[in-house]
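What Swiss-Prot records for Lys63 is active site, proton donor, and it gives sequence analysis as the kind of evidence. For Asp11, Lys34, 61-70, Thr117, Arg179, Gln188, 208-209, the entry in Swiss-Prot reads substrate binding site, with the evidence type sequence analysis.
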Amino acid sequence: MKEERPIIALDFSSFEETKAFLDLFPAEEKLYVKIGMELYYAQGPDIVRYIKSLGHNVFLDLKLHDIPNTVRAAMAVLKELDIDMATVHAAGGVEMLKAAREGLGQDPTLIAVTQLTSTSEDQMRGDQNIQTSLLESVLHYSKGAAKAQLDGVVCSAQEVEAIKAVTPTGFTCLTPGIRPKGSNIGDQKRVMTPNQARRIESDYIVVGRPITQAKDPVAAYQAIKAEWAG
């Protein structure tokens with residue numbers, strides 16, 4: 001099911017920056033935000049509790065990757081924060097993914113990271129010693145996530161159609177690396193516009209700097225939201 005709101009990546013490290021950004025939006029505007037490693041490691045669980053107290057949805061993107069017992073226990077702790085979505089690394093293997101699902105339970109959305117959108121095929125082959133194509137690697141990880149009963153994967157928008165062809169109906173694709181036309185792509189290698197992501201049926205999109213670093217973040221958010229909605 002498509003999420004109508006773009007997920008905003010809160011690329012901050014301080015509570016003050018985060019609060020100042022969220023305060024720009026009217027109280028009735030309920031956002032879906034991503035808390036990544038920087039903000040979570042700087043502020044801890046309290047930042048999740050604060051954002052949830054405002055009525056926003058929280059995607060906690062910590063990309064857990066460890067032995068199954070450790071991941072299961074960590075997910076059980078994160079579940080207590082009432083998060084709406086969490087991530088694990090698909091490279092941890094099917095047993096680790098199953099353990100993550102057990103720890104988190106069935107309610108929060110659980111998705112696996114396949115290949116980072118900053119990774120090129122040459123980098124994958126050289127650094128990870130994976131000698132298939134980048135797409136084949138992503139599809140392999142996606143099928144493993146589906147086998148482990150995860151809800152979906154994080155992937156490049158260019159990979160969505162192929163993933164949906166090899167996974168069960170309802171398997172979701174969350175696509176970072178979304179940039180409005182003409183914006184700086186930063187360190188992302190595989191990017192698309194919100195309109196392009198909508199056309200190829202991404203279920204969630206994540207947008208960070210084009211919103212958080214815009215001169216008018218609220219206007220930037222509304223423009224991207226409208227383009228995503230079509």
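We count from 1, first residue shown onward.
Note that Cβ sites are derived from N, Cα and C of the backbone, with glycine treated the same way.
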CB contacts for Thr117 (substrate binding site) [other CB atoms within 10 A, all chains]: 24
Inter-residue C-alpha distance, Thr117 (substrate binding site) and the residue listed as 'active site, proton donor' (nearest angstrom): 14
Long-range Cβ environment of Asp11 (substrate binding site), under 8 Å and at least 6 residues apart: Gly36, Glu38, Leu39, Gly208, Arg209, Thr212
Residues near His65 (substrate binding site) in space but at least six apart in sequence (CB under 8 A): Val71, Val88, His89, Ala91, Gly92, Met96
Same chain, 6+ residues apart, C-beta under 8 Å of the C-beta of Leu62 (substrate binding site), given in sequence order: Gly36, Met37, Tyr40, Leu78, Ala86, Thr87
Listed in sequence order, residues with CB under 8 A of Lys63 (active site, proton donor) and six or more positions away: Met37, Thr87, Val88, His89, Val113
Number of Cβ atoms other than its own within 10 Å, given for Pro68 (substrate binding site): 18
DSSP state at Pro68 (substrate binding site), helix/strand/coil: helix
Cβ neighbours of Gly208 (substrate binding site) where a neighbour is any other Cβ within 10 Å: 20
